[in-house]
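Engineer: Take a look at this one; I'll ask things after.
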Amino acid sequence: MANSSPVYDWFNERLEIQDIVDDISSKYVPPHVNIFYCLGGITLVCFLIQFATGFAMTFYYKPTVVEAYSSVQYLMTDVSFGWLIRSVHRWSASMMVLMLILHVFRVYLTGGFKRPRELTWVTGVTMAVITVSFGVTGYSLPWDQVGYWAVKIVSGVPAAVPVVGDFMVELLRGGESVGQSTLTRFYSLHTFVLPWLLAVFMLAHFLMIRKQGISGPL
């Protein structure tokens, strides 16, 4: 690399950074690719915004049935730019779902799910389910009237499943009724379990795209 700095040369000698950069920058991009092929990348950007703003809110949010609502109000009214952080979190959540839907439609309409990219499609659909789960679990965290009744209805849906329905309901709620255990479980899912799951499937998704390349035109 021409005119590289001594620091860059030191790292490049040990990590072969330039080889990685050359491999990424020389990847072939088919001529039929247009702006609609950026929808997946926009979805990723929305997720990163979600991660950053969500992490910021964990400094103030208190996952208890007594303090959850008041902690959200404190974030919105007393914390500097707290209202902006939460608003960006909500807006980017809606944008992420919208971009995800459009991305799925684009892949389906252009045949990007066909052989040999079936597993890429499967990981994408799995991430779509995880994204919806983010919405369900996050909706309940303010623990206001809307959040409480939403989690009560959602957690009661598995009761219709034969044999294991009641067990699934109790597993989600942490007991027979909606309460502190329910909020704790939804908070854990929203801030720990689902982000890690999404990160794992996202990594697999990108590695397969990297390996197989962008699908050709129909």
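Each Cβ is built from the backbone N, Cα and C atoms, and glycine gets one as well.
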Engineer: Transmembrane segment per Swiss-Prot: which of the ranges 119-139, 140-160 is that?
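Structural biologist: So the range that Swiss-Prot calls transmembrane segment is 119-139.
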Engineer: Starting from His103 (heme b 1 binding site), work out which of the binding-site residues listed here (Cys38, His89, His190) have their Cα within 10 Å, and give them in sequence order.
Structural biologist: Cys38
Engineer: Could you tell me what the rest of the chain brings near the transmembrane segment (189-209), counting residues at least six beyond its ends with Cβ under 8 Å?
Structural biologist: 44, 47, 51, 54, 58, 117, 119-120, 123-124, 126-127, 130-131, 133-134, 137-138, 141
Engineer: Using a Cβ cut-off under 8 Å, which residues of the same chain at least 6 positions beyond either end of the transmembrane segment (35-55) come close to it?
Structural biologist: 85-86, 88-89, 92-93, 95-96, 99-100, 102-103, 106, 134, 191, 195, 198, 202, 214
Engineer: List, in sequence order, the same-chain residues at least six positions removed whose CB sits under 8 Å from that of His190 (heme b 2 binding site)?
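Structural biologist: Counting only residues 6 or more apart in sequence, the Cβ neighbours of His190 (heme b 2 binding site) under 8 Å are Phe134, Thr137, Gly138, Leu141.
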Engineer: Return the count of C-beta atoms lying within 10 angstroms of the C-beta of His89 (heme b 2 binding site), excluding that atom itself.
Structural biologist: 18
Engineer: Run through the Cβ atoms and count how many others sit within 10 Å of the one on His103 (heme b 1 binding site).
Structural biologist: 23
